[in-house]
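Copied over from Swiss-Prot, here are the features:
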- 35-55: transmembrane segment (TRANSMEM)
- 56-64: topological domain 'Cytoplasmic' (TOPO_DOM)
- 65-85: transmembrane segment (TRANSMEM)
- 106-126: transmembrane segment (TRANSMEM)
- 127-144: topological domain 'Cytoplasmic' (TOPO_DOM)
- 145-165: transmembrane segment (TRANSMEM)
- 187-207: transmembrane segment (TRANSMEM)
- 208-235: topological domain 'Cytoplasmic' (TOPO_DOM)
- 236-256: transmembrane segment (TRANSMEM)
- 272-292: transmembrane segment (TRANSMEM)
- 293-384: topological domain 'Cytoplasmic' (TOPO_DOM)
- 315-384: region 'Disordered' (REGION)
- 349-359: compositional bias 'Basic and acidic residues' (COMPBIAS)
């Protein structure tokens with residue numbers, strides 16, 4: 001294919017042609033850095049695919065919070081796919097792309113990033129609404145989850161499609177970004193400001209949720225529920241903190257790109273900043289498994305099930321090994337959907353669920369805190 005003169009013009013104007021990595025004499029030769037990134041992306045795809053399979057195959061995970069976790073895993077998986085495609089179409093192939101393909105290549109990264117941030121914010125909004133309304137979990141209200149998830153993706157796609165719809169710097173070279181030569185600096189600044197504002201709003205909502213949970217739990221049991229609230233806080237800090245730690249460097253770099261009148265040398269090292277951001281997609285599944293014993297058991301059951309199936313024996317015993325310990329806990333998930341059934345066993349099941357789950361804590365903590373006053377009344381009636 002021939003070099004596209006428009007792409008060449010923008011890359012030459014921003015100085016990216018002079019800072020491109022040297023390529024071997026053989027066509028299609030890739031440097032070790034790119035190969036390493038491709039391997040990492042493949043691992044991230046497999047990792048998040050395992051999360052999605054674990055949630056899909058385990059009915060006890062079919063509730064609001066795990067739907068949100070599944071959506072985050074889907075965002076991470078698609079982000080890795082987008083970055084992998086970006087790598088495969090980079091280097092020599094970049095100059096051969098049409099402007100439309102270039103916008104699709106870069107816009108897909110913005111779409112998955114936006115979907116991840118909007119999904120984290122949707123989790124905070126859904127938990128906050130549940131706490132404010134003080135209602136227990138109701139499986140019939142799952143439509144609200146899918147509505148939020150659909151809205152997240154719709155807004156993310158619209159945000160990522162703005163450049164291809166006309167908000168770009170084609171024909172206006174002085175306004176072009178150095179890192180993204182066909183993007184106008186105004187669009188880059190707009191996206192980063194929106195993302196940072198959303199992260200701040202998310203932090204405020206999670207802080208308010210924690211305060212509500214802690215104040216409600218102290219009315220019931222100062223010891224056990226305070227530990228539960230602190231565990232919730234730690235989980236939230238890990239999820240949001242890792243996201244901010246991974247993405248903030250590239251946000252700062254893009255803001256520097258907007259502010260610099262002349263290209264700064266560090267802007268030509270953006271690949272490393274993007275790689276750190278993509279690592280967030282690898283960290284999330286690790287957080288899920290470390291924070292939730294249920295998730296660990298589901299992963300082990302899934303992996304060992306594949307191993308047993310490959311060996312052709314022991315499949316049934318392997319599945320029983322990982323399914324039997326969770327039967328008693330699955331009752332607690334069903335009791336959350338039908339709170340009027342077996343009220344005498346609801347409190348032990350809830351305490352067991354609080355101890356056994358990490359991210360699961362987030363899904364039940366709103367219901368547990370919302371029923372705090374009801375449990376006090378039940379405890380008083382039992383004492384009489």
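Using the three backbone atoms N, Cα and C, a Cβ is placed for every residue, glycine included.
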I need to check the long-range neighbours of the transmembrane segment (187-207): which residues 6 or more away from its ends have a CB within less than 8 Å of a CB in the stretch? 110, 113-114, 117-118, 120-121, 124-125, 127-128, 159, 162-163, 167-168, 177, 179-180, 236, 240, 243-244, 247, 251, 254-255, 257-258
CB contact flag for the transmembrane segment (145-165) and the transmembrane segment (35-55), at least three pairs under 8 A: no
Please give the sequence-distant neighbours of the transmembrane segment (236-256): residues at least 6 beyond its ends with Cβ less than 8 Å from one of its Cβ atoms. 113, 116-117, 120, 177, 179, 188-189, 192, 195-196, 199, 202-203, 206, 209-210, 264, 266-267, 270, 273-274, 276-277, 279-280, 283-284, 287, 291, 362
Please list, for the topological domain 'Cytoplasmic' (56-64), how many residues fall into helix, strand and coil according to DSSP. 6 helix, 0 strand, 3 coil
In this predicted model, what is the average pLDDT of the topological domain 'Cytoplasmic' (293-384)? 48
